[in-house]
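Listed features, source Swiss-Prot:
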BINDING   SER186, CYS219, PRO220, GLY221, GLY222, ASP238, ASP258, ASP275  S-adenosyl-L-methionine binding site
ACT_SITE  LYS304  active site, proton acceptor
Amino acid sequence: MFYCRSGFEKECAGEIQDKATQLEVFGFPRLKNNTGYVLFECYQEGDADRLIREIKFNELIFARQMFAVAVEVSDLPKDDRISPILDALSEVEDVPCCGDIRIETPDTNEAKELLKFCRKFTVPMRQALRGKKMLTERDSNRIPVLHICFIAPGHCYVGYSYTNNNSQFFMGIPRLKFPADAPSRSTLKLEEAFHVFIPKEEWDDRLASGMWGVDLGACPGGWTYQLVKRSMFVHAIDNGMMAQSLMDTGQVKHHMVDGFKFEPPRKNVTWLICDMVEKPARVAHLMGEWLIKGWAKEALFNLKLPMKGRYDEVLQDIENLKDFLKKNGFQYKLQAKHLYHDREEITVHIQAISNISPH
């Protein structure tokens, strides 16, 4: 089972089908539009476990979470939902003992009604599973996570994921609060990207105070805000106006020029960030140009998606960018994700591994 943004089931299914085919795991996706999840039916027993081990979760773009389904339980009675779930699990072999439980729903308006129930249900369900030795006495992040996903009040899928190859977040969504002093809600996209792409233990080194960043298409400053908050200095590139609150910090230099023409005055930039409303192929190429010239060490940018053929467009743009970097002898780590705060766009992160002198 794979969670995704409602309305992007087709893209998620296409991606899973591609990954499964590469691994020679045969099956087919089952999906309904606007449900917020995709099921992949494997033809062979044990292949679901193979998929969640061998598909690298951090290489999936459209899936927020993945787990192997052990059982589907429907028609749960209102007065006792626990016993049928325990009975169904007891009949299945190969379900590992788990160290944590997440009782979730897909991220849709309809399913949100179920979340209150999920929260109340978690404590008694956890106790019952511990009583049956299906869950460890204490939470452990070293062994699998048990997922119970309710798609309707009496209907759930129960399964497990591996902690070294899943999303650490409940429902695959980081819970972030909008900062009251941020100039726009877009600030949450960049904050979420930091949580998803950069391990927390590396934040002090890679998001350090005193670094320089460049924000292409910065106005009014939602993304710049995240760098300023971390005590960085920022070249904000936009013909529009920046929020006065950011300018007052003394950490922002505003350049009223075209983002495609700007060149940093000093080549001491660590972070290049970009959320421009432009053709995705054009933005991807611009990011590649900056990186091969050594103008930035890390790039984080959004690619806007077309109305049709979204998955194909994403694949093409990322493939072209990889080819461009490879041809120029540039070594890198690349991740892309359709984040919770993204809508018709995906976010891409590239970290330079090559040590290139700026030129």
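Including glycine, each Cβ sits where the backbone N, Cα and C put it.
A quick note: this is a predicted structure, and the numbers were derived from the prediction, not measured.
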DSSP-derived class (H/G/I helix, E/B strand, else coil) of GLY221 (S-adenosyl-L-methionine binding site):
coil
Looking at the binding-site residues PRO220, GLY221, GLY222, which one has the fewest other Cβ atoms within 10 Å of its own Cβ?
PRO220
To the nearest Å, how far is the Cα of ASP258 (S-adenosyl-L-methionine binding site) from the Cα of the residue listed as 'active site, proton acceptor'?
18
Separation of alpha carbons, the residue listed as 'active site, proton acceptor' and SER186 (S-adenosyl-L-methionine binding site) (Å):
14
I'm trying to understand the geometry here, so how far is the Cα atom of CYS219 (S-adenosyl-L-methionine binding site) from the Cα atom of LYS304 (active site, proton acceptor), in Å to the nearest whole number?
17
What is the separation, in Å, between the Cα atoms of GLY221 (S-adenosyl-L-methionine binding site) and LYS304 (active site, proton acceptor)?
19
In angstrom units, rounded to an integer, how far apart are the Cα atoms of LYS304 (active site, proton acceptor) and PRO220 (S-adenosyl-L-methionine binding site)?
19
Compare all C-alpha positions of SER186, CYS219, PRO220, GLY221, GLY222, ASP238, ASP258, ASP275, the record's S-adenosyl-L-methionine binders, and send over the largest distance in angstrom.
20
Least Cβ-crowded entry, counting other Cβ within 10 Å, from the binding-site residues listed as ASP238, ASP258, ASP275:
ASP258
